[in-house]
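Listed in TrEMBL:
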| type | residues | note |
| --- | --- | --- |
| DOMAIN | 1-60 | domain 'Coiled-coil' |
| DOMAIN | 119-259 | domain 'DUF4211' |
| REGION | 36-61 | region 'Disordered' |
| REGION | 82-115 | region 'Disordered' |
Amino acid sequence: GKRKGLSTCVMYDSDESEGSDILVRKVCAKRRCIMDEDESSQEQQPDGACPTENGSASRKEKVLAKLKELVRQSAARRSCSSANCEDSNSEATTEEEPLCQLPLTPSEGSEADSDSIKDFVVEEEENDDDDDIDNTEHVKISRCDHYVHFKRIVKAFLINAIDDSFLSSLYDGTRQKKYAQEMLLSLHYLDDRFIQPRLENLICTSRWKDRYKERVDCYPDVRISLKNAENMSCQACELKRWCKFSVLLSGRLYNSKTLEVDDFMSGDKQVLKVGTVCANRTRVYHNLKHFKYKLYMDCSSVVELDGVEDEPVKDTVERLFSHLEESGWIQKRYNDLEDCMEDADSFQEEK
């Protein structure tokens, strides 16, 4: 109560008392808006004119109402910066909302209000930038994880090329050390995340018969060549097509996990005549289906060409792996895998 009375007295004395300049300057230093109101009220009065008693009382009430509003807005701003913003003054918050929605003029809001709004907007933009950075980093990390999985698989294949029981011991749970479990995880990652979902999608969007799919699954080698076109039943989908491609399937059967080769009917071959769409799908499907086996065969060739004997398996694997990584061999094989996956993803559904 005392604070309001003092403020009213200061505003009143600033008009009628010459000795109140000191008080006015003190109020101006603390409340700039009060001085603005005071100056506007002075300009509206004729020079040398003294207000009547009723006019003075009316103006004092207006000034007092303005002071209350400014105090309420100031309290709202202070309280919103603390932890008790919701309990401070709901009316002040409601009254300030239009200020955030409409352009501010010098008479409608203080510099503090304008600055606080600008700060709020900038803060949102900075947060958006942070989100973009986080998303970019997430993509980079994901791609990095894929390559880490791939390198583990290459190392596992190098080990198995020297000790052909290694992959079997991973899958049957014999090896429980951390490095072995990480390799097993990466092998599952390659099968379950990269290869199998795309193979299933290629089959679901095709009209292949089960018999043709089983043949493509069993033979690791394929050769697709252009022949004379014939209007006949495609041997992949069994639909009437102009078939001008010959699919030659060959190679030894192998276990899809341990990659152990089965020599039964190793010289068997299958020759099939198919249409253009089925020929392209066969190429994409076969490349992805047998990628892991082909990668293992490449790793085996590296070990065979090395020819170093009487060296611990661990040292041999580390030496060969470092050479393959430094020469870009691993990166090139990983790029080949990405190309196979991209071909599978972009293959359109058969019409």
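Backbone N, Cα and C define each Cβ position, glycine as well.
Predicted automatically and left uncurated, TrEMBL annotations should be read as such.
Taking H, G and I as helix, E and B as strand and the rest as coil, DSSP gives the domain 'DUF4211' (119-259) the counts 86 helix, 26 strand, 29 coil.
If you take every residue in the domain 'Coiled-coil' (1-60) and average the pLDDT, you get 46.
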